[in-house]
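Student: I'd like to ask some things about the structure below.
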């Protein structure tokens with residue numbers, strides 16, 4: 001695609017109102033155009049052949065063939081960048097996470113028809129996601145039951161009732177586009193006694209709880225949505241809720257999680273920079289910072305602050321990123337001690353931890 005060519009977008013949604021609104025938003029952007037719309041996947045299949053779109057926006061739930069079935073077939077036969085369009089429901093969030101496992105690049109929530117408040121922000125986010133998707137590295141759908149096999153090999157870790165109450169070592173992770181699958185790949189190999197993990201992943205409210213529950217069924221550590229004021233424990237991962245910044249703080253000898261409803265930073269709440277900066281302040285050399293795939297620059301400055309505070313820092317390499325935005329910016333600032341392929345990230349992090357020593361206080 002040359003610089004003068006617009007990004008061609010095919011919108012698939014069973015609602016004529018949503019198709020019209022998405023078309024209006026996309027066509028208002030100078031660098032993209034809706035080449036066609038479809039009310040269901042069967043019509044979309046023919047339009048893909050005719051128009052060869054650069055990006056597909058795909059409704060999660062539709063008649064005749066649902067979005068997941070269509071996505072799975074599409075990513076096996078003709079992989080292309082797909083942005084899922086999902087409702088803000090528990091079922092919608094679970095289906096969307098499955099779509100990301102199947103190879104969708106990203107997702108947006110459905111626009112609220114008839115409500116103009118917030119529409120400019122929505123339009124900006126939609127356009128950003130389409131631009132990122134058009135440049136994304138698309139991967140084929142995994143083999144059937146691959147994720148289920150991973151779950152079987154890593155049974156869910158129980159929440160600890162009488163836990164270790166303090167650890168000096170922490171793993172701090174930030175991600176955006178493509179991050180849900182990257183985070184899964186980093187977390188699943190971690191042993192049950194791994195240090196606590198704090199995660200900021202760009203996600204809207206309503207999705208992070210389902211994301212945490214899904215990971216908890218795949219990992220040997222316990223994974224949960226972070227709660228304000230809770231003690232940060234080894235063998236646990238804490239995911240920032242979609243409506244709040246996650247910060248690390250200290251209470252005596254212990255780390256605690258704090259949530260903040262302060263305004264977005266780098267247009268995001270939760271923000272990776274907010275989490276990384278709090279880790280630089282309160283954990284310093286006892287933390288490891290990891291920046292994964294994602295568009296934009298959120299987390300780049302924060303990773304550099306962690307490094308300057310003595311933390312060892314990792315950035316995902318370009319070849320394994322869905323979108324090489326946030327890691328690229330962090331590397332350009334000099335914030336990354338190591339640049340690592342995603343498949344090696346967990347092993348390299350644990351190897352680094354082994355050189356840092358292990359001092360854990362029991363009660």
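Note that Cβ sites are derived from N, Cα and C of the backbone, with glycine treated the same way.
Here Swiss-Prot flags 8-125 as domain 'Response regulatory', drawing on sequence analysis. Among the features that Swiss-Prot reports, 4-aspartylphosphate is placed at 59. Among the features that Swiss-Prot reports, domain 'CheB-type methylesterase' is placed at 164-356, with the record citing sequence analysis. Among the features that Swiss-Prot reports, active site is placed at 176, 202, 298.
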Student: Which whole-number value in Å describes the distance between the Cα atoms of residue 298 (active site) and residue 176 (active site)?
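Tutor: Between the Cα atoms of residue 298 (active site) and residue 176 (active site), the distance comes to 9 Å.
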Student: So for residue 59 (4-aspartylphosphate), how many other CB atoms are inside 10 Å of its CB?
Tutor: 26
Student: Can you tell me the CA-to-CA distance separating residue 202 (active site) and residue 176 (active site), as a whole number of Å?
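Tutor: Rounded to a whole number, the Cα-Cα distance is 5 Å.
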Student: Return the residues near residue 176 (active site), defined as same-chain residues 6+ apart in sequence whose C-beta is under 8 angstroms from its C-beta, sorted by sequence, else 'none'.
Tutor: 201, 202, 268, 272, 293, 294, 295, 296, 298, 323, 325, 326
Student: Determine the minimum-neighbour residue: among 202, 298, listed as active-site residues, which Cβ has the fewest other Cβ atoms within 10 angstroms?
Tutor: 202
Student: On the three-state reduction of DSSP, what should I expect for residue 59 (4-aspartylphosphate)?
Tutor: strand
Student: Can you give me the average pLDDT across the domain 'Response regulatory' (8-125), rounded to a whole number?
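Tutor: Mean pLDDT, the domain 'Response regulatory' (8-125): 91.
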